[in-house]
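Participant: Shown below is the structure under consideration.
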Amino acid sequence: MSAALARREIRSRPGRFAWLIVAVTVAVGFTVGAFGFSTQLTKLLDPSATGADRLDALPRGAVVLTADTKAVTTATALDERLSATVEAIAGVALVEGSYDQPIGFRLPAGSQPERPVILRGVVLSSTYSEQRWAIQVGRAPSGPDEVAVDLAGLVVGQTSVGAVATIEFPTGARDVAVVGLLAPVGDTTPLPSARPDDASSIALAAGHAILDPGVAPILLDAAGRVDRITVTPQPGVDPGALERRIRAAVPPGVRVSSALSRSAVTQQTVERIDEGVQQAVTVFAGLTVLISALVVTNTLGVLVAQRTREFGLLRLVGASRAQVLRTVMGESLGVGLVGAVLGLGLGVVLAYAAALVVRDSTVPVGFELTSTMVLVAVGVGVLVTAVGGIVPALRAGRVTPLAALSDTRAGADRRGGAWVPLVAFAVGCAMAGAAVTRPGGPDGAWIVVAGLGVLSAFVGVAGLSRWLVGPLLATAGAVLGPVSGRAGRLGVANARRSPGRTAGAASTLMVGLALVGLVATIGASIRSTVESQFDTAGSADLYLERRGVVRVSTQALDVELAGRARRPFRYASITTVDGVVLGRAGATTPLSASFLPELAELVDLGITDGAVPGFADDPAAERVSVMLSDSAAAELGLAVGDEARLRTISGSERTLVVAATYSNTAIAGDAVVDVTGLDPGTLGTFELGVLRFEGRHGDRSVRAVERAAGRFPKVRVHTPAEFGALNASVTDTVLRIIAVVLAGMIGIGYLGLVATLGLATLERRNELVMLRAIGAARAQVRAMVRIEAMLVGLVASVVGLGVGVGLGCVAANSAPSDLVASVVVPWGSIVAVGVVSVVLALAVSLGVARRASLVPPAEAGRSV
């Protein structure tokens, strides 16, 4: 009976369920679209589609070793001596090291606008061997001044066989002759009759510049190191079993995978983009489900309130509470399934549109529909309506048979105690706090715990808002009453009469605005800290910074600067280290390297304990000095004077001693080791340089530095003011991206407000008719409904933004001091968001107010 009643209700009142279906459709559509975009991006970057699966013609069944780093670019971090370790493993037939790190052709300004700036002219390096590359035109390269390219490299480099091109290597720019066109061995694709000129048709990892293997280590600043070690198994040896044996024999910093797996041949850039999209999709889906569930709860709650008599009549003729509850849940799930189907179609279109925007390869983009997307659509649609329908269904089940003869709601609106939302709020804050304050910060499962905690806290806030509505509306009534006339007083009275309904209508907006307050406070605090750290970073005249994906040799850059400088200068560089600092209880942190005495002279690190070493460490010494930020020292469980271990990606270790701790991480990061005590083979890429001229200097001295930096890939020279603004803008960019996501969430919240206001107006039709009958003008009815909407927006703004700012202050205070030095609340932005929210609430109520004013006075006394 329950299913039949649910179907009859949906068919008889389609208009009242329309907004509900729209809300669920939007929720499902955005969530499916996010997962669909992830699928499209994976396809666009998939080596089987781009041709990267043929990279260096990997032997069938091969096992590949690469550096397991979190860097966006591939690090040349594997020690060649690992090859001997791998060769000794049973079942290994051949071990070979190779390169595939990015290098860049220097192109005219404005070239390849269709490609991302950091990828213009960028190809992957490789070395020539007859087993990897087949010559199609010309010959193989010989010496440091010759290269060969594949067809994709020909296009990306805008060059041709026989031409001279400038390539930016890690050791500096170099003019080279393009002597050959090569193709991977086994590639039977015929050469096109004409060379394609559009670089947008070239995949991210498809273009190659092939070098002479004898000079490649010098050009790539990779003597004694390789990007990748390829292991060929002996005949009859299972690659999976060999992979497991190799993984057990190599250090934990080495990633081992079979050539059949995607990670074996996909570059670090591709993997990090893919992982980032997956994380963003999960967060986006969680927020969408939460806000959409609140929309469903509010809308179904109003529908249940309208049908109190109907449920009472069902109880009167013998329906049980369980049957009434199942009826409402059946309606809710029916709406969820319809919304899931419509949202699935919307999500497929949104994913296709997003893929068109980022498409950068020959892989055709089409409408993708996967089993994951279908499961997400059904799951989100059913989950949203099931969760959102529980509370209204329980209310409907509490309706008594007496309600069939009464104008009251007969128990349907029975209120629960405040302890439920209080517990949700407290538990959520505890979960989020535990995740954020744990050593090392949230990662993996703790990120999920933090997210669930925040969601629980916001749900608790929405539930508690019922008890905050009264005082807020009383204050608003005292202000609006004298200036808004009878319509304003009626609007305030209506909002105060049912605080639960007012709070429910505001809850969807409230959660979105709470997130805005939280993010705005944390973002402003981080930005203020970044600006202050750079303002007080020291006495540098210039900063040199690497941008892009091509590595830069610190030693080569230092030599170039010394040779071109017109005036004496002091200089300290920051170089990445291919390894981690090992603390107590297995904690680790990445680190960089610099000449510590010079760095401390040029940069105000904010030393909090210990002292900067006054002399360079002896490379042959047993211990090397390291300085840690306050947060890194706490995370590692180390103090000044303690010993730690530096473990490289290839597994070698070196003893470190903590010389000092500091608070300003803007320049040096969380850990910096004295470079003179390290093996050069452990150094990665140049990241940052700090330069101060001795005495007065002019524009010619600055230009000399710029010319030296110009020989290297994407090394930029900035004044201190430019450098500080540039780094602060990174925070702004992240906040803008988050703002776009939050805008979508708030949009769903306003959709819920429209639905709730519209259905509430239908519920109060008799009341509106009576108002018209006793002389209320249409304008007064419209004004009353608009003021109610503004009050809902006011409640959402004050409670949501207030709680968000409060949680943001707590989170900022809990953050490491090198990330947030002091809490900053952007009151101007918070107030502006609140005012805009109230105005938008007024705007979305215009249509509802107009329909409410059209009720005829002649219907007074009629039942709906």
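Cβ atoms are placed via backbone N, Cα and C, with glycine included.
Found this in TrEMBL, in case it helps:
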DOMAIN    283-400  domain 'ABC3 transporter permease C-terminal'
DOMAIN    740-853  domain 'ABC3 transporter permease C-terminal'
TRANSMEM  17-37  transmembrane segment
TRANSMEM  283-305  transmembrane segment
TRANSMEM  333-354  transmembrane segment
TRANSMEM  374-397  transmembrane segment
TRANSMEM  418-438  transmembrane segment
TRANSMEM  444-464  transmembrane segment
TRANSMEM  505-526  transmembrane segment
TRANSMEM  737-762  transmembrane segment
TRANSMEM  783-807  transmembrane segment
TRANSMEM  827-849  transmembrane segment
Participant: Given pairs 6 or more apart, does the transmembrane segment (374-397) have at least three Cβ pairs under 8 Å with the transmembrane segment (333-354)?
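Facilitator: Yes, these stretches are in contact.
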Participant: Report the listed stretch (17-37, 418-438, 783-807) having the maximum count of Cβ pairs within less than 8 Å of the transmembrane segment (827-849).
Facilitator: 783-807
Participant: Are there residues at least 6 beyond the ends of the transmembrane segment (418-438) whose Cβ is under 8 Å from a Cβ of it, and what are they?
Facilitator: 446-447, 449-450, 452-464, 467, 807, 810-811, 814-815
Participant: From the DSSP assignment alone, can you count helix, strand and coil residues within the domain 'ABC3 transporter permease C-terminal' (740-853)?
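Facilitator: Helix, strand, coil within the domain 'ABC3 transporter permease C-terminal' (740-853): 96 helix, 0 strand, 18 coil.
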Participant: Across the whole of the domain 'ABC3 transporter permease C-terminal' (740-853), what does the mean pLDDT come to? Round it, please.
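Facilitator: Its mean pLDDT is 79.
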